[in-house]
Amino acid sequence: VVSLPSVSTSAASATTSGTTPTESFTTTSGTTSSNFTTMTATTTTSKIVSPGSTSTSGPTATSSAVTIVGSESWLLCDCTKAICIEDNIIQVIPIICNPPPKPTCANGLSPVQVLDEDKCCWHWECDCYCTGWGDPHYMTFDGLYYSYQGNCTYVLVEEIYKKVDNFGVYIDNYHCDTRDVVSCPRTLIVRHETQEVRIATVKPNTLQVEVTVNKQPVALPYKKFGLSIYESGINRVVEIPELGMNVTYNGLSFSIRMPYSQFGNNTHGQCGTCNNNTADDCMLPNGNIAENCETMADHWQVVDPSKPQCSPGLIPTKAPSTTPKQPCKESSICELLLGSLFKPCHGFVQPEKYYAACVFDSCVLPNLDLECSSLQIYAATCADQGVCIDWRSHTNGVCSYKCPSDKEYRACGPIKEITCKSSQQNETSTKQVEGCFCPNGTMLYDSGVDVCVKTCGCVGVDKKPREFGEKFTVNCQDCICLEGGSGIACEPHECAKQNKTSCDGEGFYEVNEVNSEDSCCPIVTCKCNTSLCTTKVPKCTLGFEVHSHIPSGQCCPVYQCVPKRVCVHQNAEFLPNSSVFVDKCQNCFCTNEVNVSTQLNIISCEHIPCNTYCEPGYERQPVKGECCGRCVQTKCVIHRENNSDLILSPGEFKNDPYNNCTIYSCVNIQNHLISSTSEISCPAFNEESCKPGTIAFLPNGCCKTCAPLDSPTPCSVRQMKDFIVYKGCRSVDRVVMTECEGTCGTFSLYSAEANSMEHSCSCCRESRTTVREVELICPTGHSISHKYIYVESCSCQDTECSSSQSSELQSTEENDKASTLNRIKRAISLTSK
């Protein structure tokens, strides 16, 4: 502060160009407060010296402040400058900026104005702007276009001289067609210091992406450690304000914008070197310049554990041609780039390179609609230059974009949508992006709350907009929307008192049910769970089943065994009217009648009907395993010549009623019934030799004799033919056998001397015999030799007479019959003695 006499001053005027507006400054005399001495300052206008013309050969054109001839100077606020003239005279003048000439950027984009360090004047710079899209096509920082089809992970941009810790942008490509011919971007990776951001495509060839930071999913907007991520239309944007850079990605295309002042002449990778010169954009990691960028791109591989087939340092394979081998008709969509639709942008961004990429995509991959990405990135670049074009509606739905039901699509929306939480005056950018935005008359509640609201009240966890003062219940909290503070104030929801419910019965338990009138206040009720019951289900015997019922007011069932109304036999149940097998000799079925004592149905049976008839000589006898027995032969059946049958019991004999010379007999030998037919051979007889009236039959009733009936028959040999049976074996033919037959001198005489009966007995017996041999056939089929006694002659021989009572005497007829039977038995039972 200089104390000087008060003098009058004149005003000085100057005009500035650049970012500082033209202002007139006037110094006037004035009086300070009592603490200061009144001073007078005389101001003279200095001569303004022009800085001359400014060079624009490089990417930067700088405006210059005017030079004031005088002594020491220093900067004041509001872009003013103080100069010490002399003798305590201070001149305060505005800083005047001359506008620099506008340079031409090699990438074809408009330069941007950048403030000088004094924050008053500005200069032109060409931003580092790199884009990639489709399968994929690249535009380097300096505007060099090329296509590259590698399917590894590559460096898009890194610093040549490391100034920022762990900084870089990378792209993960993959083969997006079945032929593995072309590639598409899959994940964009941004590294900055301690954070790694990955924006990955959820579904191939779509605008659906997800964002992770250090491999953890995050919600947008995200801001931490000098890095922010947010949505801008269809894009996800990674912004690093400290570096003045941002990276966008939407699944089909990416863009990287970096300030020249930070990264000029200090980048390399697939995006090239940012120096406004395309000659060195194909720089290899070793600093050499490759013949073309397709070859250069192969050298920027990075180690990716998920892609073991990719190894940095290997000799790269020859890049595929970016020109289709066979000419094809490009998609009509590509023609839009050169037509009137995009004509407003042609003066700002040249469309030829984007058109070439579109044609390539439509020819190589005609079914993936990748040509849309060329139009999308061109429209986004135009919008970056301030030209917005609504193009999707002209693609006949091929490149349409669908928005959620509560939003609408706009080709020209704000980069950052106005929200209830943001200031509408802060957004002054004229740049626009396409995307889904809140309809007219509504606005986004907050960048982190994707809800469109008509009035800026509150939005809770239920995503429903509320007006200030509105009361509501959410998540069982009674809330109110308040203006100011956190916006929503909540307290636990209070429930009405309920009567205490007791669930003491067996099987009951308490359960909370939803209250239809108040979902936050459940109703306590008793529920039945039979698994909690301790009563075991009884095991019923056959023919019975378990019945259960739950008494009123109880949970656990009561069990009892009740009849099933069936029959039971041999551990099996039978329904009424069904057949029951008891044995094969009975037909049994289950009736509907119930046995009172057993409570089981009664089984009714009846014996199977049998045929009781048997042939003569056979009797039906029971046989084990058979129901009706079997007809078993019990008598001999003898078939006679007159077709009549003679039935004889074992041991029985009988003369032929028509021929007394034939005798039939039946014997049982070892349970085999053997029938025999005996023929009596009579001695030669001449009736003429007999006296008339003396011809009579012998006692056998067969042979004739001359002797009178009452005269005795002399003892003689009689022959007969019959079969010999021995131990079941039988002779083949009838055998001639003999016997002694006749009357000998036998009498009983009373002796007076002895006073008793005297007996004289004489028997007709064999006097000479021989042994003969015959062959017998047995039932088994084999034969045996059998010897029997043949009587050669007979004679009367004395024998002892046995006493007998007269009451025991038999009649003559009975004696003759017994004598004949004995003869037959002797003939059949001849042995080989």
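Using the three backbone atoms N, Cα and C, a Cβ is placed for every residue, glycine included.
Just so you know, TrEMBL annotations are computer predictions that nobody has curated.
The region 'Disordered' annotation in TrEMBL covers 1-32.
Residues or ranges marked as domain 'VWFD' by TrEMBL: 128-311.
Residues annotated as domain 'VWFC' in TrEMBL: 458-527 (among others).
Taking DSSP states H, G and I as helix and E and B as strand, the domain 'VWFC' (565-632) has 0 helix, 29 strand, 39 coil. Sequence annotations record features per position, and here TrEMBL assigns domain 'VWFC' to 565-632 (among others).
Summarising the annotation, TrEMBL assigns domain 'CTCK' to 715-802.
Among the features that TrEMBL reports, disulfide bond is placed at Cys729-Cys778 (among others). Long-range Cβ neighbours of Cys778 (disulfide bond) (same chain, at least 6 residues apart, Cβ-Cβ under 8 Å): Lys727, Gly728, Cys729, Ile784.
According to TrEMBL, the disulfide bond annotation covers Cys740-Cys794 (among others). Listed in sequence order, the residues of the same chain lying 6 or more apart from Cys794 (disulfide bond) and placing their CB within less than 8 Å of its CB are Cys715, Ser716, Val717, Cys740, Glu741, Gly742, Cys764, Arg765, Glu766, Ser767.
What TrEMBL records for Cys744-Cys796 (among others) is disulfide bond. Cys744 (disulfide bond) is surrounded by 21 other CB atoms, counting those within 10 A of its CB over all protein chains shown.
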Predicted model, mean pLDDT over the domain 'VWFC' (565-632): 90
Number of Cβ atoms other than its own within 10 Å, given for Cys796 (disulfide bond): 18
Position of peak Cβ density within 10 Å, selected from the disulfide-bonded residues Cys729, Cys740: Cys740
